[in-house]
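Chemist: Supplied in structure tokens, the structure appears directly below.
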Amino acid sequence: MIRIGQGFDVHQLTEGRPLLLGGVHIPHPKGLLGHSDADVLLHTITDAALGAIGAGDLGKHFPDTDEAFKDADSKHLLSQAWQLVKNAGYTLGNVDCTVMAQKPKLAPYIEAMRKQIAELLETDVANVSVKATTTETLGFVGREEGIAAQAVILLQKAE
């Protein structure tokens, strides 16, 4: 049996915070605002994984109203969600992600993101795709007010 999950997330850019995407620190004057470390890419993957097994979303498992998750490391949140996937009897087929950001240019960091995500999902890097795009200066992403990401995940029943 296979299961598919989809995730989407947006975070506002703000000064005074580090920019983390896919578990990788990206040098930039602004970072993402959020209750946790606001890693928008890992959040979308977490949502996609939880959705694929019918277990809700990031907010259900790690609510931003709970101080226990204040400044939480999104790598830890994804690892906890991934344990639920494994407990449900599934393994990763593949995950395909897109990050939408006007700046910074993300191409130099894509491979590091793929490696980090592969490690968190206990898979080969060949099963992880991360792409980056701009919105051609349109909308909040184009005005550099925020960064958005989406992910689609394919899970397979473990043998």
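Positions of Cβ are set from backbone N, Cα and C atoms, glycine also.
Keep in mind that this is a model prediction, so the values were computed, not measured.
Okay, these came from Swiss-Prot:
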type	residues	note
BINDING	9-11, 35-36, 57-59, 62-66, 133-136, PHE140, ARG143	4-CDP-2-C-methyl-D-erythritol 2-phosphate binding site
BINDING	ASP9, HIS11, HIS43	divalent metal cation binding site
SITE	HIS35	site 'Transition state stabilizer'
SITE	THR134	site 'Transition state stabilizer'
Chemist: Restricting the comparison to the recorded positions HIS11, HIS43, THR134, which residue's C-alpha is spatially nearest the C-alpha of LEU58 (4-CDP-2-C-methyl-D-erythritol 2-phosphate binding site)?
Modeler: HIS43
Chemist: Can you figure out which of ASP9, HIS35, THR134, THR135 (the recorded positions) comes closest in space to HIS43 (divalent metal cation binding site), comparing Cα atoms?
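Modeler: Nearest in space to HIS43 (divalent metal cation binding site), counting only the recorded positions, is ASP9.
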Chemist: Looking at the recorded positions listed here (HIS35, PRO63, THR134, THR135, ARG143), whose Cα lies nearest to that of HIS11 (divalent metal cation binding site)?
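Modeler: Comparing Cα positions, the candidate nearest HIS11 (divalent metal cation binding site) turns out to be HIS35.
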Chemist: Name the secondary structure element type, per DSSP in three states, that contains HIS11 (divalent metal cation binding site).
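Modeler: DSSP call for HIS11 (divalent metal cation binding site): strand.
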Chemist: Across all the protein chains here, work out how many other Cβ atoms are within 10 Å of the Cβ of HIS43 (divalent metal cation binding site).
Modeler: 28
Chemist: Neighbours of the divalent metal cation site ASP9, HIS11, HIS43: Cβ within 8 Å of the Cβ centroid, same chain, sequence order.
Modeler: VAL10, LEU32, GLY34, ALA38, ASP39, VAL40, LEU41, THR44, LEU58, ALA148, ALA149
Chemist: Which three-state DSSP class does PRO63 (4-CDP-2-C-methyl-D-erythritol 2-phosphate binding site) fall into?
Modeler: coil
Chemist: Could you check what DSSP calls HIS43 (divalent metal cation binding site) once collapsed to helix, strand or coil?
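Modeler: Helix, per DSSP.
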Chemist: Please report how many Å separate the Cα atom of HIS35 (4-CDP-2-C-methyl-D-erythritol 2-phosphate binding site) from that of THR134 (site 'Transition state stabilizer'), as a whole number.
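Modeler: Their Cα atoms are separated by 25 Å.
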